[in-house]
Amino acid sequence: MDALPPENLYPYTVSRPIYSNPTFEEDNERQTREERTLRERLSRTCGCSGRQALKVVKGVFPVIDWLSRYPIREWLPSDVISGVSTGLVCSLQGLAYALLVSVAPVYGLYSAFFPILTYFLLGTSRHISVGPFPVTCLMVGSVVLTLAPDDHFLLPGNGTALIAFNLDSVFAGQVMWSTGDQVFLPIQVVMGLLQVGFLVRYLSDPLVGGFTTAAAFHVLISQLKIVLSVPTNNHSGCFSILYTLIDVFTNIRQTNRADLVAGLLTIVIVMAVKEVNSKFRHKIPVPIPIEVIVTMVAAGISYATELESRYGASIVHSIPRGFAPAQPPNTQLLWNILGSSFSTAVVGYAVAVSVAKVYAAKHDYTIDGNQELIAFGFSNVFCGCFSGFVASTALSRTAVQESTGGKSQMAGIISALMVMIVILALGNLLEPLQKSVLAAIVVANLKGMFMQVTEVPTLWRQNRADCFIWLATCLASVVLGLDVGLLAGLVFEMGTVVVRTQFPACSTLGNIPEMDAKNKFPGIKIFKCNAPIYFANIDYFKERLRATVGFDSVRVFKKRNKALKKIHKLIKKGKLRATEVRYSLIIDNIHLFSSESFETGNFHLSVEDGDWPVPEVEVRVDWALELPVRVSVPKVQIHSLVLDFSAVSFLDVVAVKSLRLVIKEFLRIGVNVYIAGCDDEIVRKMEALAFFDEEVTRDLLFLSVHDAILFIKLETLSLMQDCKEPPPFTEEEDLIETYDNQLAHPCSRS
C-alpha cells in the first residue's frame, strides 16, 4: 500500500491519563493468572469423553475424517487420472533412485509402493506423493557403501568391473533396511508422539536450500559414473566427491559409448520436454510423461539391438516379480548407523513438511506437523519390513500429482496400484533398460535443486547472515558429506542467532521535530534494546548503555566520593572557608551547591575547629560547576534515563540481577531510571526473580515511552515551580534528545 501524501494525512488527538504500570493495573483491575495444580492439569489433559475419544481417533487416523466427507462424483475422476500419471512417474523414479542407494532397482519399486499405503491412513496432506527422494536416498546410500563391502556389488564383465548388484546376497538389503527404516521408529514416531515437530523449524529455508543444493552435487557425481559406465571405488564421508571424480577421470578411457550416448540423449530430451510442460502448463491438460516414454523407448531399443551382448552396455538385468518376504532388521548394525539415521530422518521430514505446507496453503487447508512425523515414521517402518528404503516426497512427483488434478490421497492409492502392477506384471519388460538411462532421469530431475543457486544474490541483498548460512551449509555438505555437513550448517546457523542476540541493535530515541516543534526537554535519554536480554548479551547491553549516556555511573560515583573526601580534608585543615547561606554553601567564593540542581553529591562534615556556628554541616555539590579540588569528575548531562523494553521478549536471572544493579548505580548519582513498554510476561518474570525492592520499585514501570516522558516532564516542571528558578543546563550544547510523542524514531545507532 502506497503512503498517503502529506495533504491527505489526518491529525488526531488521544486524551488519557499518564499511566505507570501500577496505576494502570489499579484503574483497570488486573486479573491474576489462574494457576492449576498438577492434578488438575492431568485430569484436564487425560480426561476422556465420547467426543474427545472420537477427536483423538480422527487425529491419529485423519483418513476417517476426510474419507467420510469425500465427494465421489466431483473428486474421484480427477484422482484416477492423477493417480495413473503419478504412478508411472513413481515407478520410474523408484527404479532410478535405487541407484543412489546402491541397491537393486526392484527395491526402489518397493519404496514407491509400501509407504503410500500407510500414509493414506495417517497423513494429513492431500497432495504430496510419498516415495523416494534423491537426497535421502543418497544419504542412505552413503551408509550402505560404508557398511557393505564392494564384493557384494561389483561383478566382473567383459574384462572390466561393471557395476551390478548381487541379488543372491541379502546383506545389502539388511543394511538398507536397518539404515533406512529401523531407526525411524524411535526417531520420527517418538518425535511425533512427544510433539516435538517444532524442532525441525530450526532447519531454516537458507539452510535447507544450501543443503539440498550440495546434495544435488553429490547426486550428480554419483550418477556420473553410471552414465559413463566406468568402474569406481565406493567413497563416503569427507571429500568423497573429490575421490569419486578422481576415480572417474582415472578410468575415463573405459567409458561405454552406448551408455554415454543413451544417458546424454535422455538428459537432453527429458529436460527439454519438462521445459515445454512448464511453459505450457496452462494449455496442456496433462503433463507429457516424458520419463515413461523415454524409458519404454530405451528399453525397446536395448532389447532390439542387444546392447548388452554387442556393446557391453550395463542394463538392469533381473527384476523379480512379486514382493520380497518381510524380514526383521539386522540389529547388530543399529549403533553404527544411529547418527546417520537421525540426520536422514530429520531431512526427510523437513522436506516433506515443506512441500506439504506449500500445497496446503495453495488449497486452503492445514497440516499437522507432529502427525506427519508419526505418519512418515510408521510408513518407513512398514516399508522397511519389505526391504524398501527411506520415503519422503519429491517436489517434481508431487507437482505431477497436483497438476494432473489430484484432490486427495485417493490419487496416492491409485498411484500405488500402478506401482504394484509394475512389480507383479510389467517388471520383466524393463530388464533390458540401460542403467545410464535411469541415472540420466535422476540427473534431469536435479534442475530445480541446482536452480537454488540463483537465490544467493537475492539473499546477499536482503540478509547477509542468511546468505552466509546458505553458503556455509552448502560448502560443508559438499566437502564433509551430507550428514556431517548438515550438522555443521545447523551449528553455524545457531551461531549466527547467538551472535545476533549477543550483539543486538541498540538505539537512542528522540522526538520528531515536526511533531513537537515547541518544546525540547533537556536532561533525558531514551535507550532501546531490540533483542532479548540474557547472560550472553548483558555485558554488551551495559556497554551500549554507557556509550549512549556518555559516562560510566560507577566511575562517576567513585570520582565524586574522591572529590568530596578531598573537600572534607581541605575544610578540616582550614584551607577552605565555608559559609552557610540559605540553600547554598560558599567555600572561598566557590559555589558548591544550588538548591535547584538536579545532580548533587552529599557529604556530612564534622568541624572541630573553625568559624562555623554549627558542629556539623551537609555539603551538597553542583557537579556541573568547577570544583576547588583537582579531581576530574565526569560530567553527567542527564537527570532521567528511559529504557524502552518494547522489543525485549525475555529476561533471565543474570540479566535481572545485572539490570537491578545498573539502576541502583544510576540512582546513587542522581539519575532516575524508568522502564517503558514491558510486556506483562516480562513484569511477571521480574517479580518472580525478585527484581523489585525498596529502591527499585514498580513505580519505575510505564506502559509506553510517551507516558514515561510526560511523567518526567511533569515532575521536573513541578520541581522548577517549587524552586522558582530555571534548571542549570541552558546552553545549546547541553540540550539532549527527548521523546515527546509516540512517533519516535532512532536518531543515533549504536
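Residue numbering: from 1, along the chain as shown.
Each Cβ is built from the backbone N, Cα and C atoms, and glycine gets one as well.
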Using TrEMBL as the reference, determine which range in 207-226, 647-666 is annotated transmembrane segment. 207-226
Sequence-distant residues near the transmembrane segment (95-122) by C-beta distance (under 8 Å, 6 or more away from its ends) are 60-63, 130-134, 137-138, 140-141, 144-145, 148, 153, 165, 167, 172-173, 176, 180, 219, 222-223, 226, 234, 316, 319-320, 323-324, 371, 374-376, 378-380, 382-383, 386-391, 409, 412-413, 415-416, 419-420, 422-423, 427, 430, 433, 435, 438-439, 441-442
With CB pairs under 8 Å as the measure, which of the listed stretches 207-226, 333-361, 411-430 comes out on top against the transmembrane segment (468-492)? 207-226
Dominant neighbour of the transmembrane segment (128-148) in 207-226, 333-361, 411-430, by Cβ pairs under 8 Å: 333-361
